Amino acid sequence: MHFIPSKLHCFTSMEKPFSPLIIFFIIFISDFPHLYSPYRLHPSITASTLVHRTHTAVSDFHVINRRTLFQCPDPNPFLQINVSKSSTLLSNEEFVAVIVSGVLVPMATDWIAMISPSHSNIGSCLGSKSFYVQTGDLSDLPLLCHYPVKAKYVSSDPTYLSCEKKDCRKYNKNGKCEIRTCSASVIFHVINIRTDIEFVFFAGGFHTPCVLKTTLPFKFSNPNAPLYGHLSSIDSSATSMRLTWISGDKKPQQVIYGNGKSQISQVTTFSQDDMCGSTFIPSPAQDFGWHDPGYVHTAIITGLQPSTIFNYKYGSDAVGWSDEIEFRTPPAGGSDELKFLVFGDMGKAPLDAAIEHYIQPGSLSVVKAMVEEMRNGSVDSIFHIGDISYATGFLVEWEYFLHLITPLASKVSYMTAIGNHERDYAGSGSRYVTPDSGGECGVPYETYFPMPTAAKDKPWFAIEQGSVHFTVISTEHDWTQNSEQYKWMTKDMESVDRSKTPWLIFAGHRPMYSSYNGLITVDSTFRNVVEPVLLANKVLFGHVHNYERTCSIFKSECWAMPRKDENGTDTYDNGNYKAPVHAIVGMAGYGLEKFPSFAAGWSMKRISEYGYVKAHATRDNLMLQFVNSTRTVMDSFRITKSKIL
């Protein structure tokens, strides 16, 4: 069984006297250790809480590489596995039907894996078992040298176990069938990951797997296609945007926009050598989780106007072009209004209900709701604060995540902050030494999502949009006094011109406070070091636990209560500032957790549903709404700088 924690995020509001200010603090609490039945993992791991602590989501499928590969004793001459396609070429996205037939005795433990590249060794990787200690399993003889992208039990076809699809393989001399076999069809969602794919039919489940049959390799019709374009802001003027996309082609490509303007892309990539690990224990990112990322293209689109709609496409004549896409620039910093969405810990989930290494079940419904939100033009930008894809060393999952967010990130500015599952790894320079990134140590994240930072591996930045100044830090890098980041955040917040951007939003991934007292704890050192910087600016912030909203709170006490306005909306009076309001969100995709039965007196609203926060900032008011994945507004509150009479 798995004990899956919720992810915690929060944002709070407060201001200097007579200066409207909000602090939006999106945070994450370290994962709970998962619980397992003893038979699933090697006894030495079961007995070791240190090694067995699950930082990268150990599951039966996750440790499939470390299972002994048995030789299937099945002598069945009828068994086949095929793909229902007239061609061996794959498009950029399609749902593929994999058909197994000739099965004599269907078993619930029969399964199919999608493997890429197809030349991955599906024999045992002798001498490699020590490579997998970080995933919490020391079983002998790993199964696959390359991790399966995804898998499905054949019983996902409801007709399989009952053998409703029958074929007669042998008739007697009287014309009666002597041998019947069963068949099934299983659907896989395939996107263009450039390397070829094969499907492998296994028996024995994930504990005692053995190979039965393998398909021929399937290649993508255009492995160099330009894909997964996403936009981000580079400064506060909103006259330039950065476009990032992926291709199998290392030659520069173009973005064409506006009335025939164009820009040439800069091209980069990363390799296994860039991933973190050790000589004796390679990380998942260095070994079985590795997948070639292709080439990442970035181009700066210039000569734009704020709050304006433009069209663009990207690619080249040699590799093809994307569809033409319409996007909207955000408002310039210092203008009167900003409408944005904010969330964290979203990740991705499969569209085909397959088993993958790490699944965030709410992500699909939340993305769908946000896409609908954007269709009426009510979103200027998006902020995703930490724990982005949850690839954690299984690199192909970054591309499934990019595919998921493309309808959002290709149309408005998609800004991000780094989290523990992007950065943390022992010996890599991260503040925390857990293996949470699976050896990625920030390299894929910063390559796929270049933000307006000073340099690589310094993922902190500030940007202004509308009436809001955003200060985005990395809780995973050194934030101690006299560190580079500490000096930067202090200077940045002290320099905010409140007459230009009256609201200040401070974003990071880990908490200074948490009301949940279970296995999750707060890094008190982080709080003790950084909080004085915020206090100097009349800034306080709190914790996140699904969705929760507080009174105006300080030192766990209500210093002021909201009042209903003429529309019945809870309104916090920052014209008569007493203490910050904490609005807590942590429900963009990762598994939710119920609230404890006891609620403190300062807790005004508690909701355990997937969703996102929708914010509307003007110069005088900030309206925030928690919207669930059905686009129902579950809670609304308003912060105003005008004194309520």
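In case you wondered, yes, glycine gets a Cβ from its N, Cα and C as well.
Nobody curates TrEMBL annotations by hand; they come from automatic prediction.
Now, the feature entries from TrEMBL:
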{"type": "DOMAIN", "residues": "88-222", "note": "domain 'Purple acid phosphatase Fn3-like'"}
{"type": "DOMAIN", "residues": "228-329", "note": "domain 'Purple acid phosphatase N-terminal'"}
{"type": "DOMAIN", "residues": "338-547", "note": "domain 'Calcineurin-like phosphoesterase'"}
{"type": "DOMAIN", "residues": "579-636", "note": "domain 'Purple acid phosphatase C-terminal'"}
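The stretch from 88-222, 228-329, 338-547 with the most CB pairs below 8 A to the domain 'Purple acid phosphatase C-terminal' (579-636) is 338-547. Applying DSSP to the domain 'Purple acid phosphatase C-terminal' (579-636) sorts its residues as follows: 0 helix, 28 strand, 30 coil. Here the domain 'Purple acid phosphatase C-terminal' (579-636) has a mean pLDDT of 84 out of 100.
The helix, strand and coil residue counts that DSSP assigns across the domain 'Purple acid phosphatase Fn3-like' (88-222) are 10 helix, 58 strand, 67 coil. Assigned with DSSP, the residues of the domain 'Purple acid phosphatase N-terminal' (228-329) fall into helix, strand and coil as follows: 3 helix, 45 strand, 54 coil.
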